[in-house]
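**Student:** Here you go, one structure.
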């Protein structure tokens, strides 16, 4: 019954609807709607098609060469090789005129819009040759520039931020050096402390938790310190080590500064090799980037001493780039067939490189002047297996260590080469003399290490068997062959570390942790022979007054820390630091005083001795007074704590007696104590009476 009633009611409603009037939804005449389409249908209008749809991934390349049809394929090959480095190109159009000659521009479509943006960023203003520099834009830029408003609006004035003094560390009146100590507190979390090496105890300047993920590195002049992070690297400076600049390069593993601190090079891995980016330090702008096939050796770029040029070695060539444009010098590489290595002079725009033996042509060491590309000296070498180039820091000498062989053995396919009867030569180039004469020193024993005296005319070598080697010192003088001045026999050292000021040298065995301090002007006497078990690093301070040896947790996990010595080997500080990883002295910029002024100061140095000694005495007296005050304060604190505990113990006596059966046990054994007086000799003095 209920169902039937419902059906009847439904039918009645249907019949009534046939006679109802339709509602009117039209606006009355003169009605004005105050609601805009954007307010009413904003979500739908955002999805409406636009004129730029489908062309976000298209770039326009202008200023390409205008070539005939015969040369078009070669042009396409060159341009496609450049632009395919930034993504997959799905379509390319080169408009041509009636004669089939290109019009000087092209359209390229990438698979993704982000790839097109990257290509514009990297290749705009790219110099193809002397007459053609690309102008690369997104296709959508035309619409952007068409819609520029006619009324100019002034830019918002940004508040000027006063930057801290980046060179405050060299303004210290007592010229104390600074150093940083890094310790790992967790995985990918390194704490870095900055200290000033004042006497009698170093002073802590700043400590930063989680300052870097791996390690830190100072810039060559000590202005900046660089830290490593997942997104890239950052540089810090100033009195409180504020962030100066950051450089986005994910996965950066290594960085290097240009000598004058104008540029920074970052090395980061890619799926197929490495990406290297050169940055402008002051602006943070990317100047140029390179993609290296395979895992290239770190530090593949070499800078000139004045930051005017940077070079890298290619296959049978050297690529030299000018700054700040970073275009190739004269727009072309220097072709050098068989080149194996090169190095810049530390003081002049001179490149030294060596070429291997080829088809009965001897190996060759060449000095080339840049930017003239003029060869100023050549030296032919025979039976050469390898060469190493060692410049003296002052640029006065170049030593080429030549590994030579008596016999060469090859297999049938020349795939495996063995050198027999090895011996070694040192070719010494006198850079400051006319026509650059070359002297030769032959060593028949295995060479384990080589080191120039930074300021002076001596070099040292470790030669012989690794477990029982000899250390020889040679002196280089004008017009005569380098002479052996001293040989220290049966020394188990592996590395040589000269003082930055010369004269003193540390002979180190970084396997056993033993060190010997030698004065090269006093008959090469060993002044001290300390040891630091498992030490893996040696660091001289910039002034040559202190030496630090360190045991890093990168090598071992126990007994990590560092020791500090004087230049004569006297220990002055031992520091045990858990998870210690790194110790670095802060470099100093070169002095602004002329050589004449420096000579004058050295000549009259005795005049300053009295003032220096008085200042040292006052400092030590002040330090002693501070130490006594500190000890007195500690004693007072302890006595206050002790008296408080004694009073508390006395107040609990009644409770103590009750708990012990009403027996006073505090003085139970006092009567059984025996007192014994013991005398022993402390000091004996003998006085002669006349």
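Backbone N, Cα and C atoms are what each Cβ position is placed from, and that goes for glycine too.
What Swiss-Prot records for this protein is below:
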- 595-645: coiled coil (COILED)
- 1-11: compositional bias 'Basic and acidic residues' (COMPBIAS)
- 15-25: compositional bias 'Acidic residues' (COMPBIAS)
- 57-141: domain 'RRM' (DOMAIN)
- 1-36: region 'Disordered' (REGION)
- 207-246: repeat 'WD 1' (REPEAT)
- 293-331: repeat 'WD 2' (REPEAT)
- 334-369: repeat 'WD 3' (REPEAT)
- 442-484: repeat 'WD 4' (REPEAT)
- 530-575: repeat 'WD 5' (REPEAT)
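Surface or core, plus neighbours and distances: that's what I need for these features.
**Tutor:** Helix, strand and coil content of the domain 'RRM' (57-141), in residues and according to DSSP, is 30 helix, 27 strand, 28 coil.
Shown for the repeat 'WD 1' (207-246): DSSP residue counts in helix, strand and coil, namely 0 helix, 24 strand, 16 coil.
When Cβ-Cβ distances below 8 Å are used as the criterion, the repeat 'WD 2' (293-331) is approached by residues 127, 129-130, 253-254, 256, 258-260, 262-263, 265, 267, 269, 272-274, 276, 278, 280, 287, 337-339, 341-349, 351, 353, 370-371, 373, 395 of the same chain, each at least six residues removed from its ends.
Packing against the repeat 'WD 3' (334-369) from elsewhere in the chain are residues 302-306, 308-309, 311, 313, 316-320, 375-384, 386-389, 391-395, 398, 400, 427, 429, 431, 436: each is 6 or more residues past its ends and has a CB under 8 Å from a CB in it.
Note on the repeat 'WD 4' (442-484): residues 388, 390-394, 396-397, 399, 401, 422-426, 428, 430, 433, 490-503, 505, 507, 520, 524 of its chain, located 6 or more positions outside it, place their CB under 8 angstroms from a CB of the stretch.
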**Student:** Checking distant contacts: for the repeat 'WD 1' (207-246), what same-chain residues at least six beyond its ends satisfy Cβ-Cβ under 8 A?
**Tutor:** 163-170, 178, 180, 182, 185, 188-194, 252-253, 255, 257, 259-261, 264, 266, 281-282, 284, 581-582, 584, 586-589
**Student:** If I take every residue in the repeat 'WD 2' (293-331) and average their pLDDT values, what number comes out?
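**Tutor:** Mean per-residue confidence for the repeat 'WD 2' (293-331): 88 out of 100.
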